[in-house]
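Visitor: Before I ask anything, here is the structure I am working with.
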Amino acid sequence: MIVFPAVDIKDGVCVRLSQGQADAVTVFSSDPVAQAKYWETQGARYLHVVDLDGAFSGMPKNFELIRDICSQLSIPVQLGGGIRDIETASKYLEAGVRRLIIGTMALEDEETFAELCAKFPGQIGVSLDAVNGQLKSRGWVEDAGITVFDIIPRIEAAGAAFIIYTDISRDGMQTGVNVMALSELCSKTKLPVIAAGGVATLEDVINLQPLVSKGLEGAVSGQAIYTGTLNFAEAMEWIENN
């Protein structure tokens, strides 16, 4: 299992939002590149980066910063936020991003999404962001009008390589992961699943471990590793030994 430390970028700094609210911001670092390098020193095997400005505006806003992160790390980077056309996706992959996380495009423009998956096989994942199973889009501010389970056959057919599932009600709230929902999701798809939202303690990491055999690839952690309720190095050590 991989624990992906999150570097969420807004206005050029590293922040965390509570439940995706743009006005519920906590700044954790003024230097996202240094923060990314720190997580690598702590044993990270993969970095999760989100361009929050891009997610809310629909266009890339922190390209140079993200390019710098990729160039200064030896571990791979996955990126989401504001990637809504093939040109933007290509630009990021050429800049060194290993794989991309697509949200709105996958829900609203399936033809372009399928074209993107065909152009970059194995590198395009889908972000499924939900409240009570109902998907949200456009930076979590709009109801997508479809459930998580309804969309799965469509994204599989389009050629998606993996799923990141966020329980919005738990994101940034440090309330623990929804193991039952994740288990059900893993059982409904052949794609690897990454959990996001609610990973708050080492106990949450331990609770997710049994799902690895069902298709869970790992979990994204943000708020918890910045506030210290989850010691990232300790979590990595536990995973290595179990």
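Yeah, the Cβs are placed from backbone N, Cα and C, and that goes for glycine too.
According to Swiss-Prot:
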{"type": "ACT_SITE", "residues": "Asp8", "note": "active site, proton acceptor"}
{"type": "ACT_SITE", "residues": "Asp129", "note": "active site, proton donor"}
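Walk me through the surroundings of each of these features.
Guide: All protein chains considered, the CB of Asp8 (active site, proton acceptor) has 24 other CB atoms within 10 Å.
For Asp129 (active site, proton donor), the number of other Cβ atoms no farther than 10 Å from its own Cβ, over all displayed protein chains, is 27.
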Visitor: In Å, rounded, how far does the Cα of Asp129 (active site, proton donor) sit from the Cα of Asp8 (active site, proton acceptor)?
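Guide: So the Cα of Asp8 (active site, proton acceptor) lies 16 Å away from that of Asp129 (active site, proton donor).
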